[in-house]
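Here's the structure we're looking at; comments come further down.
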Amino acid sequence: MSCTWIAFLLLLGFVSCLGFNLDAEKLTHFHMDGAEFGHSVLQYDSSWVVVGAPKEIKATNQIGGLYKCGYHTGNCEPISLQVPPEAVNISLGLSLAAATNPSWLLACGPTVHHTCRENIYLTGLCFLLSSSFKQSQNFPTAQQECPKQDQDIVFLIDGSGSISSTDFEKMLDFVKAVMSQLQRPSTRFSLMQFSDYFRVHFTFNNFISTSSPLSLLGSVRQLRGYTYTASAIKHVITELFTTQSGARQDATKVLIVITDGRKQGDNLSYDSVIPMAEAASIIRYAIGVGKAFYNEHSKQELKAIASMPSHEYVFSVENFDALKDIENQLKEKIFAIEGTETPSSSTFELEMSQEGFSAVFTPDGPVLGAVGSFSWSGGAFLYPSNMRPTFINMSQENEDMRDAYLGYSTALAFWKGVHSLILGAPRHQHTGKVVIFTQESRHWRPKSEVRGTQIGSYFGASLCSVDMDRDGSTDLVLIGVPHYYEHTRGGQVSVCPMPGVGSRWHCGTTLHGEQGHPWGRFGAALTVLGDVNGDSLADVAIGAPGEEENRGAVYIFHGASRQDIAPSPSQRISASQIPSRIQYFGQSLSGGQDLTRDGLVDLAVGSKGRVLLLRTRPILRVSPTVHFTPAEISRSVFECQEQVAPEQTLSDATVCLHIHESPKTQLGDLRSTVTFDLALDHGRLSTRAIFKETKTRALTRVKTLGLNKHCESVKLLLPACVEDSVTPITLRLNFSLVGVPISSLQNLQPMLAVDDQTYFTASLPFEKNCGADHICQDDLSVVFGFPDLKTLVVGSDLELNVDVTVSNDGEDSYGTTVTLFYPVGLSFRRVAEGQVFLRKKEDQQWQRRGQHSLHLMCDSTPDRSQGLWSTSCSSRHVIFRGGSQMTFLVTFDVSPKAELGDRLLLRARVGSENNVPGTPKTTFQLELPVKYAVYTMISSHDQFTKYLNFSTSEKEKTSVVEHRFQVNNLGQRDVPVSINFWVPIELKGEAVWTVMVSHPQNPLTQCYRNRLKPTQFDLLTHMQKSPVLDCSIADCLHLRCDIPSLGILDELYFILKGNLSFGWISQTLQKKVLLLSEAEITFNTSVYSQLPGQEAFLRAQTKTVLEMYKVHNPVPLIVGSSVGGLLLLAIITAILYKAGFFKRQYKEMLEEANGQFVSDGTPTPQVAQ
């Protein structure tokens, strides 16, 4: 609520808010024992923090307290109010609002418990207090009376013949029970029975004239007949709900229809009757008894009778015994409609209004949000002076606003020249919306609205109108969405610029809290701080009381433009930074006033049981400057004739810091301790300059300074010769500032603006040698070559070296750059360290002297317009002197798959920062022939005819001989090739080999044949040297097979196969001869080149050994051998016989045997006689 108060102050020209950052260390704590102390906070009258404690128990039936807290006393005092005794459990302090000129405070309690018989209603009460906290007026001025209770109820019961007498009695018992439960002085009853005719049993007059109303039911008898339900309803409208029958003008009219089935025989339709009931504002209940209403048509008839929505007004029971089950339901529904004047979807009007749930002051008077009015559709009451209150809602829009909570939040805007009221409805359609109301002809009408997107997000729970540029008009509205859920953070705030004329209202930037707090409730509280960073745009504070497990946090966001807020916070203050253990820090906020009397805006933050006052600190800004004397380095200082030079003075540097407030306050000369570090050539590896004071490249000083300008002077030295005399020497200043606490303001400490740059860089250039006109006119030329390379073989030569030479025949050249243009397929790899030569012209010849190295930096970019790439190499940090020449080597990678055509064109261009127009010498181009490396191979396959033999008698026979060759492409590109075969086919007119070639793997291959004559004719001499039959001595068949494209890793097989004759071998006078076939791969050598060292694989041979042998007759040999063996055996036998070999040996053997037997003494056996 405080946000809208600040917006109102800004609209009325409230004092400018100063400051930038919040001091989270030196806080003022206000603490009281009141329950929920800190639920609401409000800065009031530039002196007080008013705090609500809506759950504090003051006395019996009196809840809620109000406190005023002062910064200088550090204490809080209760604000005494005369709370009417009827304001039971008011929850005072739940919402607060204030106005200025004059100062008024509005404190509200929206939970006044108002008892009306059995019901307890919730209304509200607000107290208007003056600047001295004196109670002036209450809103509303009088408590709402209990809603009227008068009810006229008619029972219309079905007496047709389809109902048995027993069931009819049960129906009368049900009527009697309902009359007993609803009977009270303000309720009257009447009864009509219908079938195909109608009978009024008693009117309202009869009911009030009898002392025992229930006795009126004793004379009711069943009519029987058809069911004329529609006509019966018409009779009720015209005969019973009339003043003649005792119906009251302002009473709620209720009709209860009880029937057991669909109407029968009735010519009158419900479409003719029901509009009459609607016009008479009769609330209708339809009770269907029996299984007939299981039928869909019967159900539709009940719905036609009943009021809308039908599910609230239709009852269906299975039988008449079940009527007693719905007695209580019917009673509760009828009780619920007490006080309603018309049968609408609203159950309540203002009985649950809860006025004061939110509040804001307008020039016409205070506005109190009434979220519970009309069944929580919501709205707001405006209380003009001396006039009746005006109720503001969406009733004219024919929109379903049930449970929308319109008025949950309120804000004031000055828009299109008129004051507008902004109301939040966070539960509208479950996603929420915010509506802008404007006053036209003393009536408030909705003019624009914006809706939420996420269910349950509470879009519009908090509002804050912001005048960004303080011109009196509202520029944008902040809409809090505290329950918006994301996986890593909870809550958001939508930044919604005020809509233009005729345009829809929409929101732009969305503000978020820190990641990691899915239940953070970011956006639960909003307030305007004013311009706290001096950019003339308002800044805001946003509370997130659910972050850090309900400890809470507050965010500060700066204005970005007249229509926007910066998306990132400038500061986050969390409860964990505060020593005290607090919860829900940021649940309420109020800012925009100077309560501490230091000229700076303060922020009051509510938490559970505690309120903290955060002060903003004075902001200092520093504007650094650096001046050099002299302003450039003289050539006499940095041009060294020798490599070693003594230290020389470069320049005097004057460093100034201008310290000032932003914005300016009345706090006097704020002092601060400033530490500044100076560094020469920050980031460079080599040292070119040093400080005289430290003899190094760094210098640090610490000073305590006040406001205004402060300067320091330092001397710079050149310690040695410099190689880079192109790039200026830089002096980098880094500084930090710590404010000196102001004792008179309780040690309030100034601080450096967080968006201030704490560094500054100044440059000290070198003097240029450009003659009297100070314009350097260089005269550059460039040439290049390809050292030791005549042809580029793509795929073999992986690198291409380009030797570049640049000459300068004019004045000094600065930022000399050589750009090489080359086709796609080449890529820059490196540049070698170059050499620079000073040249002296002697006898018309340039002589090299003074050689030194050159470091180049190269960068490659595509030149899409020409389909080329370019590499630019520059010596930016070296002056290319007049009369000098530089050489360097550039290396390119050559892609093995590059397609460069038959010639490579390279182009070079030289230029400089001197901006001298180009000449023919500044460009150069050169062509280099190009071939493409291939790696093809042909080899003899191991599956071929290796050996054949034959006899002299088989000279006329033939045998199949097969030679196989394998062809492979092992390179990185497809290549068209020809496979050549040379095969002997005839020797001196005699056939050798009738060969055919097959190549089944490649059907596109085409083969061609031609016959070749031998080159040698002395066959015998050739064979004696080498018994090989080849194409040098025999007629040969030359086969050429053309392959249009031999693909990468392709593998092909060629088979030479045919019948080999043997008759020709006798011409060679050799028993063993080798049959040789040869193969070779050929290709276009002007385009392709075999990889170096692999040329041998372009040729292959296959040899078959042929051997001749003689066939021998074995019969003579066998016969001769047999006869000779027999003769030899006969001769040997005869000789042995003649020698007595066979007889003598046998006799001696017998004698020896006998002699051995006698010598043993054994008797000799007798020979039988």
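Start at 1 and count along the chain as shown; that gives each residue its number.
Including glycine, each Cβ sits where the backbone N, Cα and C put it.
The topological domain 'Extracellular' annotation in Swiss-Prot covers 20-1116.
Around C69 (disulfide bond), the same-chain residues at least 6 positions away in sequence with a Cβ under 8 Å from its Cβ are F30, W48, V49, V50, V51, N75, C76, E77, V611. Taken from Swiss-Prot, the feature disulfide bond applies to C69-C76 (among others).
Per Swiss-Prot, the feature disulfide bond maps to C108-C126 (among others). All chains included, 32 other C-beta atoms sit within 10 angstroms of the C-beta of C108 (disulfide bond).
DSSP gives C146 (disulfide bond) a coil state; it is part of no helix or strand. The annotation disulfide bond is assigned in Swiss-Prot to C116-C146 (among others).
Sequence annotations record features per position, and here Swiss-Prot assigns repeat 'FG-GAP 3' to 341-392.
Residues annotated as Ca(2+) 1 binding site in Swiss-Prot: D467, D469, D471, D475. In the three-state DSSP reading, D469 (Ca(2+) 1 binding site) counts as coil. Contacts of D469 (Ca(2+) 1 binding site) defined by a Cβ separation under 8 A and a same-chain sequence distance of 6+ are given as D475, S536, L537, A538, R562, in order along the sequence.
Its Cβ placed at the centre, C496 (disulfide bond) has 22 other Cβ atoms within 10 Å. The disulfide bond annotation in Swiss-Prot covers C496-C507 (among others).
If you look up Swiss-Prot, you'll see D531, N533, D535, D539 marked as Ca(2+) 2 binding site, on the strength of similarity to another entry. The Cβ neighbour count for D535 (Ca(2+) 2 binding site), using a 10 Å radius and every protein chain shown, is 15.
Secondary structure at C721 (disulfide bond), taken from DSSP and collapsed to helix, strand or coil, is coil. Feature annotation from Swiss-Prot assigns disulfide bond to C640-C721 (among others); the stated evidence is similarity to another entry.
C711 (disulfide bond) falls within a strand segment according to DSSP. Among the features that Swiss-Prot reports, disulfide bond is placed at C656-C711 (among others).
The disulfide bond annotation in Swiss-Prot covers C770-C776 (among others). Listed in sequence order, C776, Q777, E811, D812 are the same-chain residues at least 6 apart in sequence whose CB falls under 8 Å from the CB of C770 (disulfide bond).
Annotation comment: Swiss-Prot describes C858-C873 (among others) as disulfide bond. Annotation for C858 (disulfide bond): same-chain Cβ neighbours under 8 Å, separated by at least 6 residues, are F828, V831, T871, S872, C873, S874, V890.
What Swiss-Prot lists as disulfide bond is C1007-C1031 (among others), and the listing cites similarity to another entry. DSSP assigns C1007 (disulfide bond) to a strand. For C1007 (disulfide bond), the same-chain residues lying six or more positions away in sequence with a CB closer than 8 A to its CB are V997, H999, L1039, R1040, C1041, D1042.
Under the heading disulfide bond, Swiss-Prot lists C1036-C1041 (among others). A sphere of 10 angstroms centred on the C-beta of C1041 (disulfide bond) encloses 20 other C-beta atoms. C1041 (disulfide bond) falls within a strand segment according to DSSP.
Averaged across the topological domain 'Cytoplasmic' (1138-1169), pLDDT in this predicted model comes to 53. Marked as topological domain 'Cytoplasmic' by Swiss-Prot: 1138-1169.
Using CA atoms as reference points, the disulfide-bonded residues C126, C146, C1036 were checked against N533 (Ca(2+) 2 binding site), and the closest is C126. Straight-line distance linking the Cα atoms of C721 (disulfide bond) and D539 (Ca(2+) 2 binding site), rounded to a whole number, equals 55 Å. Each residue contributes its Cα atom, and for C108 (disulfide bond) and C146 (disulfide bond) those atoms are 21 Å apart. With DSSP classes pooled into helix, strand and coil, the tally for the repeat 'FG-GAP 3' (341-392) is 4 helix, 21 strand, 27 coil. Compute the center of the Cβ atoms of D467, D469, D471, D475, which mark the site for Ca(2+) 1; besides them, the chain residues with Cβ within 8 Å of that center are V466, M468, R470, G472, S473, T474, A538, R562.
For C507 (disulfide bond), the nearest neighbour among the listed binding-site residues (D467, D471, D531, D535), judged by C-alpha distance, is D467. A Cα-Cα distance of 48 Å separates D539 (Ca(2+) 2 binding site) from C116 (disulfide bond).
A straight line from the CA of D535 (Ca(2+) 2 binding site) to the CA of C1031 (disulfide bond) spans 100 Å.
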